[in-house]
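Visitor: Submitted below is the structure of interest, expressed as structure tokens.
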């Protein structure tokens with residue numbers, strides 16, 4: 001079963017997340033047509049190899065040609081047109097940059113897998129998840145309140161109809177009596193008195209009905225106000241907070257469809273109340289009297305209805321998808337000058353009459369006081385199409401939305417040399433995107449405005465890790481969208497908050513977050529051995545100060561390890577093969593009672609660019625004290641040449657003139673090395689190219705292989721039973737194999753990292 005087919009079986013709230021992955025740069029229809037083929041390609045490799053990416057780009061175009069031919073046989077003109085258009089767009093966008101296409105496809109497939117996993121976890125825990133049950137009960141209660149508003153409006157509609165009928169009857173009888181009074185024959189006094197008494201009775205009924213209708217409208221507006229407060233102050237605020245968490249790697253935010261449904265029902269109800277008030281005015285114009293309840297209350301009812309509708313419509317204007325560069329989909333809110341970014345707006349009040357009637361304009365740093373109060377605060381211009389009309393056709397789910405896809409930022413250069421004397425560094429300087437539009441209807445003009453979460457603007461991709469750290473810190477600690485002076489005096493974070501966010505950084509790009517032991521080790525690095533959930537970590541400790549005795553800060557170390565995992569260790573991390581973050585004391589405690597040759601994998605604490613090493617345990621020949629050995633850590637340089645599973649498989653220790661042996665036997669706690677890593681070992685390569693095709697023997701190149709060898713003194717090895725002495729000829733052969741060229745890739749043991 002293809003991944004694409006599984007996705008199509010999910011509930012609508014997960015399908016909406018799938019919809020948000022695809023846009024014009026790589027349309028969903030290509031994903032649909034070439035589902036199986038796309039899933040069978042190694043896009044991660046293509047995203048890091050321009051030659052391979054170019055091949056895959058042309059393969060994709062060929063696949064589209066084949067699909068076009070199939071549609072031709074079926075005489076499907078529309079699909080032929082779509083295929084041809086998609087192919088043309090791909091050529092325009094990626095002909096010169098096929099790696100970009102591979103990155104987009106690779107990311108889409110990864111995000112799809114995360115959505116599937118989240119859906120599976122949701123389905124597994126839904127029945128027993130108390131929090132979900134509480135939220136479900138809360139939503140049921142709110143759903144009931146919204147339905148109650150709608151029902152009351154319908155009830156008032158019926159009451160106004162009854163009032164209109166009563167008033168028509170009263171008016172008819174009044175006119176009839178007047179006509180009879182002017183009749184030459186006249187009417188008997190007794191009959192006239194009876195009819196006047198009847199009219200008086202009808203007048204009282206009419207007055208009571210008007211009072212009743214006005215009272216019910218007041219009651220409706222009271223109920224609507226309470227319901228609206230729950231929507232705006234509770235549900236919408238919670239959604240925005242969940243969006244902040246999702247932006248920094250937290251659980252995917254629940255879709256807006258349910259919220260939109262509630263907002264729309266309340267808005268439709270208020271629009272209907274406006275029509276009902278107009279009807280009451282018409283009835284008042286036909287007939288009024290002293291102390292008429294309509295005359296007395298109509299202005300207050302109009303004002304309150306308008307105020308509620310205005311508040312609802314203004315609150316419904318939200319940023320559905322925060323600003324993000326397509327090149328870095330997992331790092332939203334960090335924007336680089338000169339690089340396009342996207343952002344999506346949505347109106348939660350989905351009224352048909354608003355389709356194509358709201359023109360949205362985007363502005364940068366509108367009304368931002370920091371432009372004038374913070375020294376050195378940079379200023380930017382927005383390039384690209386910065387106006388867009390909201391419509392229901394562009395969104396795959398039919399919501400009223402506007403998506404800006406081709407915006408860029410350009411810094412305003414001031415005359416003279418720029419000074420860096422401001423209190424904020426570039427990656428601590430927060431900016432804001434504002435969006436404004438105006439709703440115009442007969443007798444109704446409402447200005448709408450919303451803002452993005454704060455963004456960090458960088459000019460060099462090397463600033464991305466520090467910029468992302470600022471985004472993490474802000475959205476972890478702050479719920480308000482416009483506190484752009486935050487880093488003038490950033491608050492501390494509790495370890496309970498930061499530990500969760502750190503785990504999200506791993507779970508958002510892999511299948512595995514950080515466990516309790518790993519987090520404990522990181523907590524000790526930041527807070528010392530007394531680390532606890534309420535321990536406070538300053539911003540400078542997290543991101544700016546060198547950690548302990550190292551020459552780099554904590555966050556840059558974590559970021560480098562994340563990059564190492566994504567590019568070289570993803571499968572091993574997902575399978576749980578890597579212990580990763582573990583102190584030396586804890587490492588020895590785990591290994592000391594294990595059988596000789598047991599090893600574990602951990603990240604180096606001393607390497608700025610991110611590195612991984614392995615430590616194994618041995619025992620003296622008499623079975624006494626355990627001894628521990630750790631190899632010099634492997635960085636991306638070594639792992640780019642040889643995969644880590646192959647390094648583990650072929651690793652050798654050579655002492656004096658003994659035959660090299662692999663000391664690694666069991667992955668902690670007791671998993672056979674080949675069982676743990678066998679599926680990741682490189683497969684045999686194709687036959688080597690002959691050196692002389694026309695030679696008498698047709699001999700080819702002798703196959704070579706890069707292996708890691710640690711040359712150590714025999715005294716460092718406690719178990720030498722398996723290290724057999726070599727003959728001079730054997731030693732010469734091994735020395736030739738591990739020559740100067742290969743030793744570029746050889747790790748010489750220099751002690752623990």
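Placed from the backbone N, Cα and C atoms, the Cβ positions cover glycine too.
This is the feature table in Swiss-Prot:
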type     : residues : note
MOD_RES  : 2        : N-acetylserine
MOD_RES  : 114      : N6-methyllysine
COILED   : 136-317  : coiled coil
MOD_RES  : 175      : N6-methyllysine
MOD_RES  : 296      : N6-methyllysine
MOD_RES  : 366      : N6-methyllysine
MOD_RES  : 525      : N6-methyllysine
DOMAIN   : 573-670  : domain 'SH2'
MOD_RES  : 637      : N6-methyllysine
MOD_RES  : 665      : N6-methyllysine
MOD_RES  : 701      : phosphotyrosine
CROSSLNK : 703      : SUMO1 cross-link
CROSSLNK : 703      : SUMO2 cross-link
MOD_RES  : 705      : ADP-ribosyl glutamic acid
MOD_RES  : 708      : phosphoserine
SITE     : 724      : site 'Required for recruitment of EP300/p300'
MOD_RES  : 727      : phosphoserine
Visitor: Pop the mean pLDDT for the coiled coil (136-317) in here, whole number is fine.
Guide: 91
Visitor: Suppose we draw a 10 Å sphere around the Cβ of residue 637 (N6-methyllysine). How many other Cβ atoms does it contain, all chains included?
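Guide: Within a 10 Å radius of the Cβ of residue 637 (N6-methyllysine) lie 11 other Cβ atoms.
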Visitor: Using C-alpha positions only, work out which of the modified residues 175, 296, 366, 637, 665 is nearest to residue 114 (N6-methyllysine).
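Guide: Going through 175, 296, 366, 637, 665 one by one, the Cα closest to that of residue 114 (N6-methyllysine) is 637.
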Visitor: Could you round the CA separation between residue 366 (N6-methyllysine) and residue 2 (N-acetylserine) to a whole angstrom and send it over?
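Guide: Distance between the two Cα atoms comes out at 47 Å.
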Visitor: Can you figure out which of 2, 525, 637, 665 (the modified residues) comes closest in space to residue 175 (N6-methyllysine), comparing Cα atoms?
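Guide: Of the modified residues 2, 525, 637, 665, 2 has its Cα closest to that of residue 175 (N6-methyllysine).
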Visitor: Going by DSSP, give the three-state secondary structure for residue 296 (N6-methyllysine).
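Guide: Where residue 296 (N6-methyllysine) sits, the three-state DSSP reduction gives helix.
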Visitor: By the count of other Cβ atoms within 10 Å, pick out the sparsest of the modified residues 114, 296, 525, 665.
Guide: 296
Visitor: Give me the count of other Cβ atoms within 10 A of the Cβ belonging to residue 175 (N6-methyllysine).
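Guide: The answer is 10.
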Visitor: Measuring Cα to Cα, how many angstrom lie between residue 2 (N-acetylserine) and residue 296 (N6-methyllysine)?
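Guide: It is 67 Å, counting Cα to Cα.
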Visitor: How many neighbouring Cβ atoms, not counting its own, are there within 10 Å of the Cβ of the residue listed as 'N-acetylserine'?
Guide: 13
